[in-house]
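These features come from Swiss-Prot:
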SITE      ARG12  site 'Important for substrate specificity'
ACT_SITE  ASP72  active site, proton acceptor
SITE      THR73  site 'Important for substrate specificity'
SITE      GLN155  site 'Important for substrate specificity'
Amino acid sequence: MPSLYLASGSPRRRELLTQIGVSFTVLNAQIDETPFDHETPAAYVERLALGKAQAGLSVLAAEQQACVMGADTAVVLDGRILGKPADEADALAMLTALSGREHEVMTAVALSDRHRSETRIVTSRVRFRPIQPHEAQAYWASGEPADKAGGYAIQGLAAIFVEGLQGSYSGVVGLPLCETAELLGHFGIPCWQCLEGDES
């Protein structure tokens with residue numbers, strides 16, 4: 001079985017892979033995440049996911065059986081990518097823009113080995129209830145929005161803003177598990193390898 005590496009510093013992605021019983025090693029693979037001019041959000045997340053996987057593979061030059069996973073998530077409102085907020089004003093502007101509206105969350109996952117690469121893109125729709133200014137300020141003060149795409153974490157304190165979701169909850173968090181499991185299977189990596197309570 002190939003050795004799986006996760007080219008991501010995201011604790012959410014580590015937790016999600018662990019949740020489905022996959023054994024992996026975290027790998028640091030830095031790439032330039034600047035969007036290209038006129039690049040669509042779907043093309044952007046796919047390029048970054050694939051770029052992370054391939055950058056990770058190049059770090060593991062000596063390991064022939066390596067398989068590297070990369071992923072990237074973008075919050076998209078009116079066709080515009082909302083990245084990680086630069087500061088408090090940026091975060092509050094994002095939350096104000098998302099307030100009372102539906103937006104898209106796109107996550108791409110890529111797997112690469114020495115012979116091939118495959119990607120999947122999953123788009124989900126999230127609707128926020130209206131967010132009051134004092135709520136947005138209190139949420140920023142919690143520290144949670146600072147390193148999150150779109151300035152919020154659906155699995156965290158921002159759960160109280162979510163009126164509805166169509167699509168993949170795990171995809172919104174950062175790794176669509178149904179599609180990820182399918183990709184892993186294509187590369188000969190099973191889920192449920194290491195389950196809690198397994199005595200073997």
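From the backbone N, Cα and C atoms, a Cβ is placed for every residue, glycine too.
Remember, it's a predicted structure, so these values are computed and weren't measured experimentally.
On the structure: features taken from Swiss-Prot.
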{"residue": "ARG12", "record": "site 'Important for substrate specificity'", "DSSP class": "helix"}
{"residue": "ASP72", "record": "active site, proton acceptor", "DSSP class": "strand"}
{"residue": "GLN155", "record": "site 'Important for substrate specificity'", "DSSP class": "coil"}
Practice task
Would you list, in sequence order, the recorded positions among ASP72, THR73, GLN155 whose CA lies within 10 Å of the CA of ARG12 (site 'Important for substrate specificity')?
Solution key: GLN155
Handout entry: GLN155 (site 'Important for substrate specificity') and ASP72 (active site, proton acceptor), Cα-Cα, nearest whole angstrom
Key = 17
Problem - the residue listed as 'active site, proton acceptor' CB neighbourhood, other CB atoms within 10 A - result: 25
Exercise for the section: Report, as a single number, how many Cβ atoms besides its own are within 10 Å of the Cβ of ARG12 (site 'Important for substrate specificity'). Expected result: 19
Completion exercise
Other C-beta atoms within 10 angstroms of the C-beta of THR73 (site 'Important for substrate specificity') total 25
Problem - GLN155 (site 'Important for substrate specificity'): tally of other CB atoms within 10 A of its CB - result: 14
Exercise for the section: State the Cα to Cα distance, in Å, between THR73 (site 'Important for substrate specificity') and GLN155 (site 'Important for substrate specificity'), rounded to an integer. Expected result: 14
